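Lifted from TrEMBL, the feature list:
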ACT_SITE  Asp305  active site
BINDING   His58, His60, Asp152, Asp305  Zn(2+) 1 binding site
BINDING   His60, Leu61, Arg62, Asn92, Asn278, His309, Phe323, Gly324  substrate binding site
BINDING   Asp152, His179, His232  Zn(2+) 2 binding site
DOMAIN    49-235  domain 'Dihydroorotase catalytic'
Amino acid sequence: MSRPIVIENASLYGDTTASLLIEDGVITKVADAIEAPEGATVIDAEGLVALPGLVDLHTHLREPGREDAETIETGSRAAARGGWTAVFAMANTNPVADTAGVVEQVWSRGREIGLADVFPVGAVTVGLKGEHLSEMGAMAHSKAQVRLFSDDGVCVYDPVIMRRALEYVKTFDGAVVQHAQDLRLTEGSQMHEGEVSAELGLAGWPAVAEESIVARDALLAEHVGSRVHVQHLSTAGSVEIIRWAKARGINVTAEATPHHLLLTDESARTYDPLFKVNPPLRTQSDVDALRAAVADGTIDVIATDHAPHPAEDKDCEWAAASFGMLGLETALGVVQKALVDTGALTWRDVARLMSETPARIGKVDDRHGRPLAEGEPANITLVDPQHAWTVDGAQLASRASNTPYGGMELPGRAVATLLRGVPTHLSPRFEGAFA
Ligand SMILES: NC(=O)N[C@@H](CC(=O)O)C(=O)O
Ligand SMILES: [Zn+2]
Ligand SMILES: [Zn+2]
């Protein structure tokens, strides 16, 4: 049995101040003051915000196959440092996570490492090729209990395959998670299609390439009475379509990434491929629409799309570089900067967007995204909103260092993360307490 932990004077959800007692991985008491039991570790959380452990619905861990970019271990460590207690690992690995064997391997490796719960997302189609449905049922009934299926990296483009996938996931209450990108409209695309792409002479990626698929899939989900989740929403038009679909009662949810909530296509002027991402960074008016949608609940989740790439795939000219950027360790700070410090979100909203709702969509809300209350599993993130820090790609836990925020100051960060009462991340100020 581990030693009990007392977290004193934390600001729960940024609202009320309380102390928490944690015993055997469970929150056993929440009170104004708690007398520490014999042998307990006591943490002074004055000034810190306590949130339920964060749940990332969109992570790339790269294992198996691209361990030069990230492993389940380095990615789990990055997750823990970023305040995440659970991550959903995308299927675009090598081999692709399109069988029960691969998803079980990823799930078990996550358990073995123990720094975050790793929930594999299964591929919708065999090899992400978009032609034949994968063995979704076998993945759902494996010990990984897969509920989310995505060909992320590529769009499930064929409407008949998409329809069948939506019908199939209904049998185990799953969802199809879509990377909405019309393949024909984005052939050779390098960045958002607009004034900046025209000036820079880079091939454009029109907003309609995303919006047309979002609209199609909302209609397909309605037609077959199934559930669809749209990944990395990036345009104002996509927000309008999701708003319309929800008003119509369609079972659709959507996520936005921290980078689409902070950065714009103006950053492509640097020609630095660290800003090259799929979908591309859009305009300020798109960013404003995404922020408003996150605040009013049209967008349900903030997910990182943490996409590690080795230096050789980013230290090259823009057109040759891979799409994607790191996100796990910077997400909280970016969200605080873009949304909390600007007054758009409260910390309670952050708990909903980055823990409770992703846990519900991923069907792990019996374990994650739980209330900070007695009897609940002690998955807890302590955030220091005053702990400003300057991002340095070389200092991140990820094996890769492709962060677009290098040199940027972020206002706050996770200073402690507990997974079932076990510290998976402790900033230096707490290391002594646990020594
Ligand atoms: N987002 C990205 O730019 N890249 C992701 C794929 C994806 O999320 O579509 C990757 O796997 O590198
Ligand atoms: Zn994607
Ligand atoms: Zn992705």
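Placement of Cβ uses the backbone N, Cα and C atoms for every residue, glycine included.
Shown here: features listed in TrEMBL, placed on the structure.
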residue: His58; record: Zn(2+) 1 binding site; contacts (Cβ under 8 Å, 6+ apart): Phe88, Met90, Asp152, Gln231, His232, Glu255, Thr257, Ala303, Thr304, Asp305, His306
residue: His60; record: Zn(2+) 1 binding site; contacts (Cβ under 8 Å, 6+ apart): Glu70, Gly75, Ala89, Met90, Asn92, Asp305, His306, Ala307, Pro308, Gly324
residue: Leu61; record: substrate binding site; contacts (Cβ under 8 Å, 6+ apart): Glu70, Thr71, Ile72, Gly75, Ser76, Val87, Ala89, Met90, Thr93, Val106, Val118
residue: Arg62; record: substrate binding site; contacts (Cβ under 8 Å, 6+ apart): Ala69, Glu70, Thr71, Gly75, Thr93, Pro308
residue: Asn278; record: substrate binding site; contacts (Cβ under 8 Å, 6+ apart): Gly153, His179, Gln181, His232, Phe323, Gly324
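Listed in sequence order, the binding-site residues among Arg62, Asp152, Gly324 whose CB lies under 6 angstroms from an atom of ligand 3 come out as Asp152. Averaged across the domain 'Dihydroorotase catalytic' (49-235), the predicted model reaches a pLDDT of 98. For ligand 1, the nearby binding-site residues are Phe323; that is, of His58, Leu61, Arg62, Phe323, these have a C-beta under 6 Å from one of its atoms.
Under the DSSP three-state reduction, His58 (Zn(2+) 1 binding site) is assigned to strand. For ligand 2, the nearby binding-site residues are His179; that is, of His60, His179, Phe323, Gly324, these have a C-beta under 6 Å from one of its atoms. Excluding Asp152, His179, His232 themselves, the residues of that chain whose CB lies within 8 A of the CB mean position for the Zn(2+) 2 site are, in sequence, His58, Met90, Ser150, Gly153, Val177, Gln178, Ala180, Gln181, Gln231, Asn278, Pro279, Asp305.
Long-range C-beta contacts of His309 (substrate binding site), restricted to its own chain and to partners at least six residues apart, with a cutoff below 8 Å, comprise Ala69, Ser322, Gly324, Ala400, Asn402. Cβ neighbour count for the residue listed as 'active site' (all protein chains, 10 Å cutoff from its Cβ): 28.
The number of other Cβ atoms within 10 Å of the Cβ belonging to Asn92 (substrate binding site), over all protein chains shown, comes to 21. Of all the binding-site residues listed (His179, Phe323), His179 sits in the most crowded Cβ setting, with the most other Cβ atoms within 10 Å. Residues His58, His60, Asp152, Asp305 make up the record's Zn(2+) 1 site, and a Cβ search at 8 Å around their centroid adds Thr59, Met90, Gly153, Gln231, His232, Ala303, Thr304, His306, Ala307 from the same chain. Look at Phe323 (substrate binding site): DSSP puts it in coil.
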